[in-house]
Structure formats: structure tokens, C-alpha cells
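These notes are about the structure you will find just below.
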């Protein structure tokens, strides 16, 4: 616990000396302490950070960092997974237009395979935060781990449901990655990227067994590695869509 927080728990002048009164006074000051801490966070230039794409078998992991503008609030921010695609697209445009600063970054399939997915995600988060046009004083990271950053950072479990700036980051990352995988579907329609955006659905797994992996698949992930060993090569050419 920091010295600053400890100092706020110290008794102030005028507090009654008897134990019972001290207990009542201590309880009474706890809500004020919480308000003081909240005010400190509010006074910071805070960015929210989130990622999308740790679990899929294909495509990059995409991250975003967002500094919201308190003077231009955005209604309806929430965990991107709980929003429809249409609502995410609409909020994406609002976030881009109204935020004080934002940056979208990624770690490639090659980086995921060479570093592992956790370290690649941390790298992509660093890129997003460092790419902001304004330097935040506090970074709130969705999840239970923080990348190494030049400013204070705090991990917030389920932050995309609790912190508007993290919700905004999750929306930017989700929309960006979905667009990438839908575009990739045009080149490799046999995998059905437009449906599952790289996740290991039954259709995707069957396509891997049938066609082998593409250059956009993560060879460090077991189903892809197994398909690669079976075929011994990557699928690099387009396949005409067939029924």
C-alpha cells in the first residue's frame, strides 16, 4: 500500500480521543477516501487498452489504446463482444471522431509464432500506447497483466465492461480485426474467415484438414501445426469458391 493512501488513513485534527468515536470516524472517512482516489484517476490523462484476437488460429492480434474526451461523451460504450456488428461499426466512427487520441496496433502472425501469443499481445499493446498522439499519465489495461510502459499502468479484470476507455479500445480493435479477416476471406475463401474471423470453429478445423494452412495461420497453435505437418506446406494460392 502506498504512503499516499496510508496518509489518508491517518487521523485528522479534531477527532475524538475515545476508541468508539475513533472507530466511527474511521468508517465515516472510507467513502471520502474512495472519492479522493477516484478524483485522482479522473485527473489523470487516462488511456484504455484492450486486445482482440488472442485465441484465433489465424490472423494478427490487434490492440487499441484510446483517450476519451470528457467534453464529448460517447453513449453506449460496452464490451465489444456484447454489441452487434452494426453497433460496433457505428461506435467505431464515433470513437475515432470524438476521442482525444487513439492508436490501433497489432502483432503479426510471425511475431505470434516466434514470441508466443502472450508476449506478442504485450508487444502490440506497447505499440498502441506508444503510438498515441498524446502521452497519457495512466494506462488502464483490460485483463490481469500489464505490458511494460513508460507511464503508470493498472490491469483491470473485465475492464472492457467497467471502464469506458477500455470499452472504446475493445471496439476499435474488434472492428479493425474483423475487417482484416473479412478482407482475407476474399483471398482465401476456402477457410470461411468471413464467418469465424479466424477462430477454431468446426468449419475452420475441417478446412484446415482439407486444404492445409495458409500463410496467415499461426503455426504455433496446435490445430495449425498438425495441419502443417500433414500437408508439409502452406496454401499460398487462391482457391475458387466451390459448393
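Heads up, the Cβ atoms here are built off N, Cα and C, so glycines get one too.
Database features (TrEMBL):
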REGION    1-26  region 'Disordered'
DOMAIN    44-233  domain 'RNase H type-2'
BINDING   50, 51, 142  divalent metal cation binding site
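Features as recorded by TrEMBL, highlighted on the structure.
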residue : record                             : CB count, 10 Å
50      : divalent metal cation binding site : 31
51      : divalent metal cation binding site : 28
142     : divalent metal cation binding site : 26
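The divalent metal cation site, placed at the center of the C-beta atoms of 50, 51, 142, has further neighbours from the same chain whose C-beta lies within 8 angstroms: 49, 52, 63, 64, 125, 141, 143, 159, 160, 166, 169, 170, 173. The average pLDDT the prediction assigns to the domain 'RNase H type-2' (44-233) is 97.
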